[in-house]
Ligand SMILES: Nc1ncnc2c1ncn2[C@@H]1O[C@H](COP(=O)(O)OP(=O)(O)OP(=O)(O)O)[C@@H](O)[C@H]1O
Ligand SMILES: [Mg+2]
């Protein structure tokens, strides 16, 4: 879990990712700028890689921030209803605006992601029984309620054919022109890093933060805004990637602790690496077909999640 | 000086702190004593602005605490609460470094590092400074928190039962360190104690609370008297003079 290993791993995997695919591309093809291979490379492979890196880093950081602010290791966009709220937001934007532009969708999805997460935090404050496992269960139930509302309206309005597959994470459709929204997360990462120390303090609780002269409420609110921004951009461009925000921060925490200024870069890198591995595996396992990323992450992620649950006593 | 003026705190209809006025002198250790539920923690929380009072005000060096910016306030008054539950995985050194947060917002300069080193040394935590808090014993964790408050380097240090979880040796060590902070560095320490013998041996003044009111407020000699203690605790406590210390023999009262 050292940067010295993470960075080379990330670079090697990125290169592998660029050259794995149905149509084979070699480096020499790329030297000819006019070739068809170069075109595929620029229109599909490179955007796909960038999308994976940004989404992997983003969802992991979002999870880390949520865990810190909620003071619970099992809270994440998956287990706090954030993803479901975002999906509902996207549906609402489609119902409100006949041909919703990316920006309109983004705005509404962001608003819903924020509202959903905020609501979950309010529920969290009201709950007296703060058991580590109980809280994410409440979050999952909350998410399911939002999801049912989405399904209900989707069927009523007849806008979506297949609810269960709608907005599931998928990188195979990523192309030049469809993923650029993800770049919003770059400044968000930077802000998150600048706020890392404040998030760590907030994780020590409200009174602790006040003693250190920090405005707890505003720091929490800023954190939730960042989480909602990341989630909304990722869900809109690549779809829902479950578990990432849950498992990656937990793995990093075991090895490197919870000092966010030190662990945010690791979390971002490990998230990107994990997603890259899942994506490459998904592409080669049933070649020339593809296993969708949400399935890959879901399967591998749920096993790691179970493992974390069982070893919870050991560290949490 | 901290001047507490007619502070009142209600929970529902119950007055848990009732019209309390106390002066806390600079450069002294003032101990708050009193039975469970007397309102000591509530009072300390209001003085340190963790809790809003219903009526009354607190002045620190003649300025109303409400008028101070939170960052300013945190450089002048620090508080360690009675219980500090947290499941954040930080090392002792990282935690103590956060004591410098009001000054450096987490980016420590040389002076900050020096303060951190000093506080860790003060609390005898040097050899375990890189251990994670969740892997420490209750007493070691408590010492780490105190080290953090020392690193915060405020004029006023408020400690709510800091001897919780500590063995005799470390209790004595901490009281001696507090004494040194007061005598050598001119700090002002306000401390809630249950063991009245620690209050008797180490404090300059003692304030006794009971049912939300101040029932006694005076120098240590004035309060550590059988008659006064009877009023506070409803117990007959004989007092013995040993090696210049006044010891309350309450074990079989
Ligand atoms: N959040 C709260 N809601 C309602 N009542 C409260 C709350 N906090 C404290 N109280 C009540 O206020 C009274 C004073 O509590 P406080 O914690 O200040 O006592 P204390 O003197 O610190 O006691 P101890 O020695 O046990 O720490 C108690 O009766 C307690 O039940
Ligand atoms: Mg108390």
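In case you wondered, yes, glycine gets a Cβ from its N, Cα and C as well.
Long-range contacts of the transmembrane segment (A:5-26) within the same chain: residues 37, 40-41, 44-46, 48-49, 52-53, 266, 269-270, 272-273, 276-277, 279-280, 283-284, 288, each at least 6 residues beyond the stretch ends and with a Cβ under 8 Å from a Cβ of the stretch. Positions annotated as transmembrane segment by TrEMBL: A:5-26 (among others).
Sequence annotations record features per position, and here TrEMBL assigns transmembrane segment to A:46-65 (among others).
The feature transmembrane segment is assigned by TrEMBL to A:85-102 (among others).
What TrEMBL records for A:108-125 (among others) is transmembrane segment. Outside the transmembrane segment (A:108-125) by six or more residues, the chain places 66, 69-70, 72, 75, 80-82, 84-86, 88-90, 92-93, 96, 100, 135, 138-139, 142, 146, 220, 224-225, 227-229, 231-232, 235-236 with a CB less than 8 A from a CB of the stretch.
What TrEMBL lists as transmembrane segment is A:132-155 (among others). Long-range contacts of the transmembrane segment (A:132-155) within its own chain (CB-CB distance under 8 A, at least 6 residues past either end) are made by residues 70, 72-76, 78-85, 87-88, 91-92, 95, 116, 119-120, 123-124, 163, 166, 309, 312, 316.
Outside the transmembrane segment (A:181-201) by six or more residues, the chain places 50-51, 54-55, 57-58, 61, 65, 68-69, 102, 106, 208-209, 212, 214, 219, 222-223, 226, 229-230, 233-234, 236-238, 258-261, 264-265, 268 with a CB less than 8 A from a CB of the stretch. Summarising the annotation, TrEMBL assigns transmembrane segment to A:181-201 (among others).
Among the features that TrEMBL reports, transmembrane segment is placed at A:222-248 (among others).
With a threshold of 8 Å between CB atoms, the same-chain residues lying at least 6 positions outside the transmembrane segment (A:268-286) that come near it are 1, 3, 6-7, 9-10, 13-14, 16-17, 20-21, 48, 52-53, 55-61, 171, 189, 241, 244, 247-248, 251-252, 292-293, 295-297, 300. What TrEMBL lists as transmembrane segment is A:268-286 (among others).
Distant neighbours of the transmembrane segment (A:293-310): 133, 168-171, 238-244, 246-247, 250-251, 274-275, 278-279, 281-282; these residues of the same chain sit at least 6 beyond its ends, with a Cβ under 8 Å from one of its Cβ atoms. Here TrEMBL flags A:293-310 (among others) as transmembrane segment.
Cβ atoms under 8 Å from those of the transmembrane segment (A:46-65) belong to residues 10, 14, 17-18, 76-77, 82, 169, 171-172, 174-176, 178-179, 182-183, 185-186, 188-189, 192, 199, 223, 226-227, 230-231, 233-234, 237-238, 241, 244-246, 248-249, 252, 260, 263-264, 267-276, 279 of the same chain, restricted to positions at least 6 beyond its ends. With a cut-off of 8 Å between Cβ atoms, the residues of this chain six or more beyond the transmembrane segment (A:222-248) that come close are 51, 54-56, 58-66, 68-69, 74, 76-79, 82-83, 86-87, 89-90, 102, 105-106, 109-110, 112-114, 117-118, 121, 167-171, 174, 178-179, 181-182, 184-185, 188, 191-192, 195, 199, 202, 267, 270-271, 274-275, 293-294, 297-298, 301-302, 304-305, 308.
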